[in-house]
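Written out below as structure tokens is the structure these notes cover.
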Amino acid sequence: MREILHVQAGQCGNQIGGKFWEVVSDEHGIDPKGNYVGTSRVQLERVNVYYNEASGGRYVPRAVLMDLEPGTMDSLRTGPHGQLFRPDNFIFGQNGAGNNWAKGHYTEGAELIDSVLDVVRKEAENCACLQGFQICHSLGGGTGSGMGTLLISKIKEEYPDRMMLTFSVFPSPKVSDTVVEPYNATLSVHQLVENGDECMVLDNEALYDICFRTLKLTNPSFGDLNRLISTTMSGATCCLRFPGQLNSDLRKLAVNLIPFPRLHFFMVGFAPLTSSSSQQYRALTIPELTQQMWDARNMMCAADPRHGRYLTASAMFRGKMSTKEVDEQMINVQNKNSSYFVEWIPNNVKSSVCDIPPTGLTMSSTFMGNSTSIQEMFRRVSEQFTVMFRRKAFLHWYTGEGMDEMEFTEAESNMNDLVSEYQQYQDAVADDNDEDYEDEAMEN
């Protein structure tokens, strides 16, 4: 029941996805060959959220892996967890998308998309009650952004009532991979606004900062960053997979976090994050988790929540703890920082508690916030987009694949609309609406 189908697209998506399956397999006591080696009955109780039980008692991830070039997938397949996945679920092209959104969305990706959809259908038919899809991809490249958004829109067409959750890695302000990132990201956001239900915004720079500052890693690798992301991903769905006192699922999350359908871009955070050297000196308490979880330096995207206001937020705690104390801490945060929450949505922080902590910790918490300050990310990408688009720089790569300049203009204005919507709700005050109603009543 309540299965989630996982899709990973492009190099970034596949690398995050690979780590994610390591984390989840570890939690459920499943070894790299797919056999159960755990110790607790709880691990198997709802293992079918992410795994399908195959013949011989093997557990196979409900995962679809796609890319437009074979490289990343080959390294996944030959890696330690390569034999976990179903071989038919690896779908790849040969040419690559060359960091070109148009290739991923219209030409190369469009040729491959039908075979991806076949596998998605096959996996969806294996589910008793599919809850939704989770998609890992980056927005700066070609495959994850172009083909990833193409897949999202196709899945939305076929399964309009299932939740669509994305973990999207945005281009970072300082760490740039390719020059056309702003184009790819803007075109992708244009799609995500329309077709995504919940979008977790991540970016490499913020993750690097967490690794340097908090985890005290001198030379963090992508593996370290991906482990951070995957712990957060597993925290987002722990309530579906383990028993808890206050449960939450993808739909409850959406209902509680999204006040207006277009504003579904969330900041995520995770606590506790401690450097390995100071781990042994630290006792975990709920107040400490709460404090770190709401800390601006703990957010996994380069936007500062202190520059905006929270429309809504959700905290998912894991471990043995009292729900009363959790609620007290949440109320405490809201009372102390009331100026950072919009006052026209009362009780806008949802908390849930799951009894089983992640491997190696006694308790942890995952944070998701719908903050208006996320507009900083979009604003930054939009400025870079405009600088290039004004000069029509590199446009021929996209028009050569059959795209129209009009699409760029549309995507740009959609993103700017999104920024101004966030700004509008940041500035809104509670009593505005009453006056409007009175004016209307008088006119009538």
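Even glycines carry a Cβ here, placed using N, Cα and C.
Database features (Swiss-Prot):
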BINDING   GLN11, GLU69, SER138, GLY142, THR143, GLY144, ASN204, ASN226  GTP binding site
BINDING   GLU69  Mg(2+) binding site
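Positions of the features from Swiss-Prot, shown on the structure.
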| residue | record | contacts (Cβ under 8 Å, 6+ apart) |
| --- | --- | --- |
| GLN11 | GTP binding site | ASP67, GLY71, THR72, SER138, GLY141, THR143, GLY144 |
| GLU69 | GTP binding site | PHE92, GLY93, GLN94, ASN95, GLY96, ALA97, THR143 |
| GLY142 | GTP binding site | GLY10, LEU68, GLY96, ALA97, GLY98, ASN99, ASN100, TRP101, LYS103, GLY104, ASN184 |
| ASN204 | GTP binding site | VAL169, SER172, VAL175, LEU225 |
| ASN226 | GTP binding site | GLN15, ILE16, GLY18, LYS19, PHE20 |
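According to its DSSP assignment, GLY142 (GTP binding site) is coil. For the GTP site listed in the record, the two most distant Cα atoms among GLN11, GLU69, SER138, GLY142, THR143, GLY144, ASN204, ASN226 lie 22 Å apart.
The sparsest Cβ neighbourhood within 10 Å, among the listed binding-site residues (SER138, THR143), is found at SER138. Under DSSP, ASN226 (GTP binding site) is assigned to a helix (H, G or I) in the three-state scheme.
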